[in-house]
Every structure is written in structure tokens, then in C-alpha cells.
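In Swiss-Prot this protein carries:
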ACT_SITE  CYS125  active site, proton donor/acceptor
ACT_SITE  CYS274  active site, proton donor/acceptor
COMPBIAS  331-346  compositional bias 'Basic and acidic residues'
REGION    326-353  region 'Disordered'
Amino acid sequence: MGSASSKTRKDKAKSSTIAACPTDTAAAKACPTRLDDGLAQVAMFAGLRQVTMGVLRIDYDYQTNLGDILDPRSFDFRLVSATVEGLTFKRAQEGEPLPCYVMSNLDGAVKKLIDAGADFIVGDCGFLVYWQVYVRDFAQQYAGGRACPVMLSSLVLSLPLLATIPVGGKIGILTASKGSLMKMQKKLASVIELQKEEARTRAVPAAVQPSGIEINFSDPRFKVVGLDTVNSFKTALADDSGVDDRRSIAIEIAKYCKQVACEDPAICAWLIECTEAGGFSWAIKLGTGLPVWDPVTIGRFLSLGFTSSLPSVALTLGETGQVALDPNETDVSKGRPTKAEHRFGPEFEEMLQ
């Protein structure tokens, strides 16, 4: 790369929130800057700030594992969380109106996440979908004009995913308790209506449109599959001390899902509702050979809206922003341009100041 342009980028990177390392391999190894996660690799090129995911937690403690939405190892970006005191798993599962003090705690938890810099908010329990509308609109109001997308449950993905399956296909919705999830079908509409009325008193017009959570589990394109019969998983959920070896659980869940898919070959994808089952999505993929979406998928999906486009596009442009990336002039093994014509153009440098 040209030395003048390289120096300019380095000077500007120094003033960014995340320091940049030299881009050549030898210098990068010697660079003392600590790169906390994969996003910092993007920041090396673009000087972008780190994205932050806010996790709204119910009042329930459990041992996190790789693949859980509360485990920092599940993501390559920053994670902050806030617990809604009084919103127990039982209350979340029932979906009944919350006591005033719990609603106040819910407001406080959302504020805490936004104040901590959360770019978007997800939940650690699928039953938080009952409060999807309320939290979505309250967060937007409190954020004061700053976009803060909210997706509290992987169930919000159920309708968009229907567009991806072929005619006659089904999405298997995996949940810890089939009975509890089916009850949601009857309650969700009335709960949403109550939240809309509450939100109107707060002068949040967006609450009139409860988009994204009108879920109909009686739709023949959905097949609700409960993990009630997977004994090792039920034991793990009930064990407050956690589970040290999850391999036996993963194998049992994978075998169970494979059996269900064999009995109903119309299933062509899985959507995991239960947050604690999300850590076994890899086993379900291997066992069934089908794509799997889970609570972690939500976090990664929303994060891309804040991190992906600028670096990948800008790095393919030259000084004027018009020169396309020539594969023959690129070190593919390192995944980064090596020629001077692939520098950031001045218009992009100005954007990153």
C-alpha cells in the first residue's frame, strides 16, 4: 500500500475508539494492541466503534454455556445485560399482566441497557415475546431518536422464515414445553392489546402496530416440538448447579430431533424458542442435516446492521470510490487487499473522522 495513504489511515485510526494495528502480517503479530474480539479486526480497517448487544434478563439464574445468548463466547461483539427483578420464569411463562413494581423494574432494565450503550436489545427467555411490543416502543422512546431495534424472542423470526420454505414444507419450533408454548397462542393477542393500551397512555404511537409478533402456531406450516421427553435436558433445566458435561444432552436432543424429522419429512428447518436449548443447535444441525435458527441467531442478525456493510464495501473501492476489487491483485489467503488501488478513498476517510 502507498505509504502516504497508509500513514493517513493510521493517524485517523489512533483517534478512534478502537486502536488499529498494522495490516501486514509481521507487523500485526508484533502489535501490542489487544484485539478483544472479531469485530476489532473490522475496526482495523474502518475505525468503527464496537457494536454492543443488550440482553434483557428474566429473574432467573442458570449456568451459561457456549451457544447461550448470555455467554460472551457466543458472540464476537460486546454484551451487556440487565435483569428485570420480579419477572420470574413462571411469570414470563404465564404472560399475565405484571405487578406495577415489576413493570417499573422492566422500564429500569431497558433504560440500563440503553444507558450502557446497547445498539439493540434481545431477551434471554423466549416467553419475553409477551413484552415485545411494550419494550420495543419504550426503548425507542427512551433512546430519544437513536435507533434501538428490539427482538426479545426467536419467535419473532417465525413469520419471516415461512417465506424461505418450499410449498408443503414446515418449520419445527423447538421448545422446552409444548403445552406452555401452545397456551401462548391464546394469550398473545390479548396481552398485546393490553400493552398497546398501556403504551398509548405513554404517548407512543408506534404501539398501535404490533408488527412481527402475530404468531399462529396452528398454522400447518409450523410444527411445535417439545423437549418434554428429553430427560437429560429436563434434568439440566431443573438443576440449579448446572451441567458440566453437555455431550450426552446434545446427543439425546439430536437423536430426538432426527426422529421427529424422519416421522414428519415435511420439516425443512428448525427454530429454537428455548434459550437454553440454543446451545445445542450445532447438534441438531448435525443430527438432522437441516438449517437451525436460535436465540443467538437474533443477536448476530441484528449486529450486522451496525457492523457489516461499510468495511466490506469500502475495501473494494479505490481512491475515487470507483475502482472495483481485482481478485488477481488480492491476497486471498489473508482476506485483505494488498495493492495501493484498494485503499479507502478520501470520501470514506472523511466519513470515519
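Glycine too: its Cβ is placed from the backbone N, Cα and C atoms.
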Chain-internal residues, separated by at least six, CB under 8 A from CYS125 (active site, proton donor/acceptor): ARG57, ILE58, TYR60, PHE89, ALA92, SER153, THR275
Proximal but sequence-remote residues of the same chain as CYS274 (active site, proton donor/acceptor) (Cβ under 8 Å, at least 6 apart): GLY126, LEU174, THR175, ALA176, LEU227
